[in-house]
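Enquirer: Pasting in a structure now, in structure tokens, and then I'll have a few things to ask.
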Amino acid sequence: MFSINLPCIFLALKITNINWQSKLNKAAHHTSDYSNTEVILRRGQAFTISLSFRTIVQPWDNFTFIASTGPSPAESQQTKVIFNLSEEGASGWSATQEHSEHGCMNFTIVSPANAVIGRYKLKLQIDSGNKVSSALLGQFVLLFNPWCPNDDVYMANEKDRQEYVLNDSGIIFHGLEKYIQQEAWNYGQFEEDILDISLAILDRSLNHRKDPSTDVSNRNSPIYVSRVISAMVNSNDEKGVVEGKWNGKYCSGTNPLHWSGSVTILRKWYRGRYKPVRYGQCWVFAGVMCTVLRSLGIPTRVITNFNSAHDRNINLSIDKYIDVSGKTLHLTEDSVWNFHVWNESWFIRRDLGSFYDGWQVLDATPQERSKGIFQCGPASTKAIKEGDVNLDYDSSFVFAAVNADCVTWIHYSNKRKERIYSNTRKIGKFISTKAVSTNSRVDVTHNYKYPEGSLKERQVYKKALKLLGVSSTGRRTKVTRRRRRFSVAQRQNMTVPTGKPTISGKLNLDASPVIGQDILLTLSLRNLITDFKTIKVKLSASAVLYTRKPKAEILQWSRSIQLGSEEVKEIPFKISYSQYKNALMDDRKILVTALCEVRQGSSLLMEKDILLQDPFLTIKVFGPTVVHKAANVQVTFTNPLSEMVTDCVLRAEGSGLLKEQLQIKYVNDVRLITHSLCTLHIYGTRQLQVDLVSNHFTDVKGFVMLDVTPVQ
């Protein structure tokens with residue numbers, strides 16, 4: 001119970017003790033999990049405070065409360081409110097006296113559901129007729145309130161609130177559309193310092209530095225707060241939390257694959273005097289933003305979009321150019337990522353209208369500038385689904401990420417290019433998030449678009465083109481063509497194939513690829529006509545990042561294949577471990593391309609994304625897990641390589657984890673077994689994550705759910 005004994009300073013007010021009823025208020029406001037010692041409340045909901053007096057309060061004593069937040073509180077900006085006892089002020093704040101005992105007065109104070117969030121000071125002023133005196137009663141933090149029906153972030157379902165506000169761990173999906181993987185992430189929004197850090201992030205923003213008073217007064221809106229956070233989680237403009245890096249080595253920081261939670265990142269930024277933490281990629285930005293928004297009370301989840309388009313010019317067409325050997329040419333800044341991770345937050349859109357209420361897309365990954373800085377959202381998922389790309393904020397960019405068409409061209413010369421591939425269904429696949437109450441995957445693609453290929457889906461696409469001022473050929477109108485000058489020039493002198501294709505084909509994996517083993521594939525070709533065909537096949541394989549940017553060539557060969565009338569041939573080939581082991585990036589991804597050319601008829605391009613499976617960690621817990629008592633955890637790892645795994649480092653992470661003692665007990669060329677003692681200080685269902693890093697592996701992870709019980 002949080003109370004203040006003030007025998008001297010409050011003599012004029014006759015107050016001897018202030019009791020904030022911390023335990024009672026935190027339970028009522030769903031803030032008991034915060035590690036902070038100060039009072040944490042949610043707006044739009046009553047809280048109780050008790051005052052003890054040395055002498056009896058007289059009937060003519062008039063009580064006035066003053067709540068203020070920010071560096072320059074002002075009533076005109078709703079950052080300072082003055083309200084009397086038993087009277088609701090114009091600000092919506094009110095105070096009433098409850099049943100009280102002799103020498104003690106109990107007050108119930110209610111903040112409005114649209115109050116500015118942040119750290120407040122509460123003062124009491126007593127007018128005793130001929131004497132007015134005031135004193136500071138203390139500080140409290142006011143958060144958004146998803147339990148309050150009048151709050152813009154109100155969420156009606158209790159299970160949803162438990163998941164999207166109170167769950168401090170989760171799952172982030174990644175990989176490929178046909179091989180979706182999951183990774184545990186520790187959000188840790190209730191851990192020590194995290195709420196203070198979240199408020200500090202707001203205070204470090206460009207908006208706050210330019211105009212602190214206006215910035216704080218705007219913090220009553222989840223639209224405003226979430227947009228500021230999307231800018232501050234990356235470091236591109238505002239010296240925010242995480243510095244992104246997608247190329248080269250990570251010697252001057254941490255490999256993005258090594259992060260498994262937000263807490264360490266946020267504390268490093270805060271304790272390092274706001275120096276950006278190196279390094280992050282999309283899932284890191286999304287994990288950190290989820291932590292910050294949940295800590296402030298905004299319901300938030302992490303979303304993964306597979307085959308995510310990065311449409312630099314927002315013409316809803318992703319153009320890819322290859323040379324005659326099938327090698328990717330960098331003639332455009334458009335790209336398609338294997339996956340991209342962003343956030344959704346839940347709130348109403350007073351700026352757009354009630355139709356656009358609900359889930360709003362926010363993306364902290366620094367890809368494009370919005371209003372001059374790297375920020376994205378909030379964009380209503382309903383606006384995206386309906387093609388309302390003219391609405392705030394950045395709905396056109398998100399629409400392109402899930403809806404753009406893909407076009408591939410062979411670049412023969414500056415005077416000749418041939419379109420060989422066009423796909424309206426490739427982008428925006430298996431849009432995924434963690435299920436409520438379980439770690440299973442939920443597909444939310446239907447929230448973003450109508451079924452692929454349906455009449456409604458194409459109608460929405462054409463509507464978006466029209467709103468963006470883009471013709472069906474990808475050209476912009478005269479007003480905005482300046483941004484398209486480079487791409488429009490490329491489209492000149494291009495050949496569009498006519499007639500039906502004469503061959504078809506497919507690249508198939510013969511078995512699930514595992515790192516350390518050869519990759520076995522089959523190229524299947526079919527002659528679709530009765531004429532004899534000679535097909536020139538040019539096949540290449542490259543190590544790529546998850547952004548599909550090629551980094552190292554693995555193999556390249558060409559050969560001629562003869563196909564008789566309607567004949568089918570299967571050509572097996574392999575990529576040996578010795579071929580790819582030194583080229584493979586940390587992403588463990590390989591792109592195989594087969595370009596098939598015939599003398600008469602259009603060329604055929606086939607691509608196969610390969611994700612090599614890392615070995616798994618097996619985690620076993622011995623005995624019960626009890627708060628503040630060490631739990632014995634065994635971690636087993638089987639090495640799939642023919643060579644010795646050395647320089648192994650094991651790390652543990654989890655919300656409520658007090659300390660870690662990970663010691664390698666046994667290592668050989670096959671198995672690695674460790675025993676560790678993990679102590680947790682929070683009871684309930686906890687997520688324990690273990691990460692193995694070695695000279696051969698950068699991303700071997702596992703997790704286990706623990707049922708931690710309180711001390712009996």
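For all residues, glycine too, the Cβ spot is worked out from N, Cα and C.
Because TrEMBL annotations are produced automatically, they should be read as predictions rather than curated entries.
Pulled the feature table from TrEMBL, pasting it below:
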DOMAIN    274-366  domain 'Transglutaminase-like'
ACT_SITE  Cys282  active site
ACT_SITE  His340  active site
ACT_SITE  Asp363  active site
BINDING   Asn403, Asp405, Glu452, Glu457  Ca(2+) binding site
Enquirer: Considering Cα atoms only, can you say which of Cys282, His340, Asp363 is the nearest neighbour of Glu457 (Ca(2+) binding site) among these active-site residues?
Expert: His340
Enquirer: Which whole-number value in Å describes the distance between the Cα atoms of Glu452 (Ca(2+) binding site) and His340 (active site)?
Expert: 19
Enquirer: Between the recorded positions Asp363, Asp405, Glu452, Glu457, whose Cβ has more other Cβ atoms within 10 Å than any of the rest?
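Expert: Highest number of other Cβ atoms within 10 Å: Asp363.
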Enquirer: Near the Cβ of Cys282 (active site), how many other Cβ atoms are there if near means within 10 Å?
Expert: 27
Enquirer: Let's see if you can do this one: DSSP helix, strand and coil counts over the domain 'Transglutaminase-like' (274-366), in that order.
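Expert: Across the domain 'Transglutaminase-like' (274-366), DSSP assigns the residues as follows: 17 helix, 41 strand, 35 coil.
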Enquirer: Return the residues near His340 (active site), defined as same-chain residues 6+ apart in sequence whose C-beta is under 8 angstroms from its C-beta, sorted by sequence, else 'none'.
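Expert: Non-local contacts for His340 (active site): Cys282, Thr304, Asn305, Ser308, His310, Thr365, Ala401.
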Enquirer: Roughly how many Å separate the Cα of Asn403 (Ca(2+) binding site) from that of Asp363 (active site), to the nearest whole number?
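Expert: Computed Cα spacing between Asn403 (Ca(2+) binding site) and Asp363 (active site) is 17 Å.
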Enquirer: So how many other Cβ atoms are close to Asn403 (Ca(2+) binding site), meaning within 10 Å of its Cβ?
Expert: 24
Enquirer: Note the Cβ centroid of Asn403, Asp405, Glu452, Glu457, the recorded Ca(2+) site, then list each other residue of that chain whose Cβ lies within 8 Å of it, in sequence.
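Expert: After dropping the recorded site residues, what remains is Thr424, Arg425, Ile427, Gly428, Lys449, Gly453, Arg458, Tyr461.
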Enquirer: To what whole number does the mean pLDDT across the domain 'Transglutaminase-like' (274-366) round?
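Expert: Summarising the domain 'Transglutaminase-like' (274-366) by its mean pLDDT gives 94.
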